[in-house]
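Encoded as structure tokens, the structure appears first; notes follow it.
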Amino acid sequence: MQTLAGKKILLGISGGIAAYKCAELTRRLIERGAQVQVVMTKAAKEFITPLTMQAVSGRPVSDSLLDPAAEASMGHIELAKWADLVLLAPATADLIARMSAGMGNDLLTTLVLATDSPVAVSPAMNQQMYRNVATQENIATLARRGMHIWGPAAGEQACGDIGPGRMLEPMQLVNLCEQFFQPKVLNGRSILITAGPTREAIDPVRYITNHSSGKMGYALANAAAQMGASVTLISGPVNLSAPAGVKRINVDSAQEMHDAVIAHAASHDAFISCAAVADYRPEEIASQKLKKTASNDHMTIKMVKNPDIVATVAAMTQQRPFTVGFAAETNDVETYARGKLVRKNLDMICANDVSVEGQGFNSSDNAITLFWPQGELALALASKEALSISILEKMHELMSLPPEA
Ligand code: C5P
């Protein structure tokens, strides 16, 4: 989805080894509809060529303040005004120091002085250089002046050291750009979301679960955070990392998910139950591994019903959050979804037909119809990220309606 359609991003690259990631970063930004104008310092060109950056951005790279040809096409002041966002990645200790001192001794630092657009700085350097008091003070100065500081991450460094100073990965920076441009319609709202499957233990090594990947719930959490909400994500076991700015609570079983949701529901404005909660669990969990025996050709596990989490929240009489459920159906989607909406006392339900190949469980795309007591809205097949924004916009609209007389 073109989440950055028409956004003009001036990507300033300084001379650090992480500069090699800028080609990937540029491609991902452009893929999302952004226009990217690359500006490189002299040192940056030692790490990645202007030709590479020109090829991936589709625009000539600007690298000199004193280039008559470049000044004639788009002068440095024009360039500074053109940008909706100036993203400095990687920002070396030297670039950060020069900006902190207010210098304009090359094109990039001059642009930073000449722009009144927001500036995001993504530091990247050796961990000791990052920890140095001078660097820390310089970064604090930039933050105090209103620049956004994105990163760094900690981990293994190109020089072999381990510690803080790694540039954020390209997709993390893309995500921060999306977050930066997303209208903050959910500012001030708190949203609780469940995601993923649950695991119902049989014995210490076995469990019953389902095919939920957690992608939809994680996409919702990410979108809600990008739209300004404070988000708590209660997650079953999945292979996904928590979206930036989201508080994640990990659980295994339906009962654990239930307990975590109940502990947090009253303190949130909305609850979105996206998890594929197991309806039943083994009545007893064997304390030791169940053994296969020669005489046992069959095995029976007695199951008991799990609590219905979303129905429990929807039945709250005090501080009840706006409650949204999901319905994965294989037929008669509207009938079953509306049935659940009423039976579970939900405010909205997101229904999808999981019998259609390429959507729903484990897929990156989905098509969903939203039902609420007074209406419905069909959302065509789209990425789970794009759908999340539409779902949250509708939810926000319904939450903002005056209570019925
Ligand atoms: O499983 P079912 O189709 O009834 O799920 C509909 C909704 O109920 C989903 O939002 C799901 O997260 C929620 N649910 C729940 N607790 C259960 C079963 C389902 O919260 N035990």
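Even glycines carry a Cβ here, placed using N, Cα and C.
The annotation region 'Phosphopantothenoylcysteine decarboxylase' is assigned in TrEMBL to 1-190.
Residues or ranges marked as domain 'Flavoprotein' in TrEMBL: 7-179.
Per TrEMBL, active site, proton donor is recorded for Cys159. The secondary structure of Cys159 (active site, proton donor), as reduced to three states from DSSP, is coil rather than helix or strand. Remark: Cys159 (active site, proton donor) has Asn126 as non-local neighbours, by Cβ distance under 8 Å and separation of at least 6 in sequence.
What TrEMBL records for 186-397 is domain 'DNA/pantothenate metabolism flavoprotein C-terminal'.
The annotation region 'Phosphopantothenate--cysteine ligase' is assigned in TrEMBL to 191-405.
Feature annotation from TrEMBL assigns CTP binding site to Asp279, Lys289, Pro307, Asp308, Ile309, Val310, Phe326, Lys340, Lys344. Within 10 Å of the C-beta atom of Lys344 (CTP binding site) sit 20 other C-beta atoms, taking all shown protein chains into account.
Counting only same-chain residues six or more apart in sequence, the Cβ atoms lying under 8 angstroms from the Cβ of Asp279 (CTP binding site) belong to Lys305, Asn306. Ile309 (CTP binding site) falls within a helical segment according to DSSP. Sequence-distant neighbours of Phe326 (CTP binding site): residues of the same chain at least 6 apart with a C-beta under 8 Å from its C-beta are Met216, Ser273, Cys274, Ile349, Cys350, Ala351, Asn352.
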